[in-house]
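Student: Take this structure first; my questions come after.
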Amino acid sequence: MEGAVHPIVFQIGPFAVRFYGLMYVTALLVGIWLLRMEAQRRHVPSDRMIDLAFYVFVGGLLGGRLYYVLLKWGYYGAYPWKILAVWEGGMAIHGGLIGGFLGAWYFARTQALPLATLCDMMAPAVSLGHAFGRFGNFMNGDAHGYPLRSPFLPEWLRHFPDWMGVVFPPTSIAGQEFGPVPLHPVMLYELVLNVLGFVGLWSLRKKPWSPGSLCGLYLIYYAVVRSWTSLFRADDLYLGPFRMPHVISVVMVITGVLICCRPRWRSAAS
């Protein structure tokens, strides 16, 4: 696949609308729509969902960027003006989840609404919004994978057909790193898996789950997804010798299991 990737939707003079930013705005608007539907079903004030989405969105942006910058401080410490260049990429989903959760926590506390219920409402929207974000990554040429036959891949991951590879533009981050070489479109792998996650969470949302359980399922599911897709990623963040997504995924699985099992443990104890 070559020539299908371009970061700009349209440009008028110096003003350019980029897919990366457009996907963030689309994710926000779709998220508000989903939250309002769920709020009406759960008898939560639907008129407050725009405010909730705002807190989560801003918290997610700040958390995602701060997380990425801190783990790449060797680069950003030398080029501090690049910290604000978010259109070039550099948003970490795990930092975004932490920041978004803090935004939801603050909103729930100030509005006297149950945080666990709000997190359950947000889980499907976050999964779908993440899919939009991955399309933005694809068109931007960041969050990219290794070449199809890269020696950095495990042997069992070097046998994908050539047609699955994507050659990114030479001006993109992926193109600058690898040149005109077909790469794993790992953003699209994760896009599809996030859409499937949304479908699953949306179909399960009406089940009689205990508060927080749907959010716990999302944490477990995405931890597994990211652990797998990280095997293909050429630009993962590292903590010493470990891929940071694998470290955080372990924490997410443990947290998700604790959230889902806590009501049962309480019932057994009582």
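Cβ from N, Cα, C; glycine included.
From a predicted model like this one, the values you see are computed outputs, not experimental measurements.
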Student: To which of the residue ranges 90-108, 166-184 does TrEMBL assign the term transmembrane segment?
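Tutor: Spelled out, TrEMBL records transmembrane segment over residues 90-108, not the other listed ranges.
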Student: Which listed range (19-37, 49-70, 90-108, 115-133, 186-204) shows the maximal number of Cβ pairs under 8 Å with respect to the transmembrane segment (216-234)?
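Tutor: Selected stretch: 186-204, with the most Cβ pairs under 8 Å.
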Student: Is the count of Cβ pairs under 8 Å between the transmembrane segment (19-37) and the transmembrane segment (186-204), pairs 6 or more apart in sequence, 3 or more?
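Tutor: Contact absent: fewer than 3 Cβ pairs fall under 8 Å.
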Student: Residues of the same chain, at least six outside the transmembrane segment (115-133), with any C-beta under 8 angstroms of its C-beta?
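Tutor: For the transmembrane segment (115-133), the far contacts come to 23-24, 26-28, 30-31, 34-35, 38-39, 42, 44, 52, 56, 91, 93, 97, 100-101, 104-105, 107-109, 190-192, 194-195, 197-198, 201-202, 205, 209, 211-215, 217-218, 221-222.
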